[in-house]
Amino acid sequence: MMPGYPLLETLGIKPHLLILNKMDLADLKEQQKIIQHLEGEGLKNVIFTNCIKDENIKQVIPKVTELVGSSYRYHRGENVEFCIMVIGVPNVGKSSLINSLRRQHLRKGKATRVGGEPGITRAVMSRIQVCERPLMFLLDTPGVLAPRIESVETGLKLALCGTVLDHLVGEETLADYLLYTLNRHQLFGYVQHYGLGEACDDVASVLKRVAVRLGKTQKVKVLTGTGNVNVIQPNYPAAARDFLRTFRSGLLGPVMLDRDILQSSPQADPCLALGPRDV
C-alpha cells in the first residue's frame with residue numbers, strides 16, 4: 001500500500017482498512033512505531049496479515065463490518081450485504097487476501113489467480129463472495145502505482161518489493177541497491193546463505209561469487225589477435241535474479257526497507273515499504 005495523501009485522497013470519506021500483507025517477510029520489531037507513523041498520516045485502521053498461513057485474516061471481516069456499520073452514509077438499503085473493493089500496489093497479495101478470506105469463512109478454494117510477479121490480475125473482476133454471515137463480496141482489482149514517485153530511492157524500494165517487472169529497472173541495478181540496503185542496516189544473512197565468508201560492498205564481486213557457487217556461468221566470445229576465443233564467465237544477470245528471489249522469499253531474514261523513515265519525521269516519505277513483498 002502507499003500510505004499518505006495519495007491514498008487518502010483516493011478513498012475520500014469512504015470507510016477503509018489498510019492491510020499490510022506478507023508480514024512474515026517484514027522486520028516487525030518496531031511494529032508500534034509503524035502504527036504510530038501511519039496514524040500520523042491519518043490511517044488509523046491497520047491490520048498486519050500473512051495470507052499464506054492465514055495469520056490475522058479473521059480480524060478483517062469483523063473490522064470491515066464495524067467500519068461500515070459506524071458510517072451513517074451506508075444505512076440506505078434494506079439488503080444487508082457488503083461489497084468491498086480491494087485496492088493496492090501490484091504484487092502485494094490482493095488476490096491472495098480474497099482467497100484467504102474464502103478459506104477462513106466459506107471453506108472454499110481459490111477464486112482468483114495469484115502469482116509472484118505484478119500483473120497477474122489485469123481487470124476488475126466480478127463480485128467474489130468471501131463470507132456468508134455477514135453476506136460480503138469483494139472486488140479484486142489490478143495493482144496501481146502513484147502516477148509520480150517522489151524519489152529514485154522510493155522507486156527502487158518499490159521495485160525491490162516486486163511491484164514492477166525486474167527487467168524494467170534492471171536485475172543488476174536492483175541487486176546493487178539490495179546489497180547496499182542490507183549492508184547499511186547490518187543485515188548480513190546473505191553472507192551466510194551464499195557462503196561468502198564476509199560482507200562486501202562491491203555488487204560485481206558478490207554476484208560473481210554467487211554465480212560461481214550456483215554454477216551460473218556462460219560462454220562469451222572474445223576477439224583476440226588470433227581470432228575468436230570462447231571464455232567462460234560468471235552469469236551476472238542470473239546471479240542477480242537469484243539474489244532478488246532469495247530476498248523476496250525471506251531466506252535472507254526479515255527486512256524493513258524503511259527503517260530510516262521511522263527515525264525521521266512522519267511526513268518524510270509517502271511510501272512505507274515494510275518488506276520484500278509487502279508495501
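Positions of Cβ are set from backbone N, Cα and C atoms, glycine also.
Taken verbatim from TrEMBL:
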| type | residues | note |
| --- | --- | --- |
| BINDING | Asn21, Lys22, Met23, Asp24, Asn91, Val92, Gly93, Lys94, Ser95, Ser96, Gly143 | GTP binding site |
| DOMAIN | 84-157 | domain 'G' |
Overall pLDDT for the domain 'G' (84-157), taken as the rounded mean: 81
Neighbouring C-beta atoms (10 Å sphere around the C-beta of Gly143 (GTP binding site)): 19
Neighbouring C-beta atoms (10 Å sphere around the C-beta of Asn91 (GTP binding site)): 27
Sparsest-packed of the listed binding-site residues (Asn21, Ser95) - C-beta count within 10 angstroms: Ser95
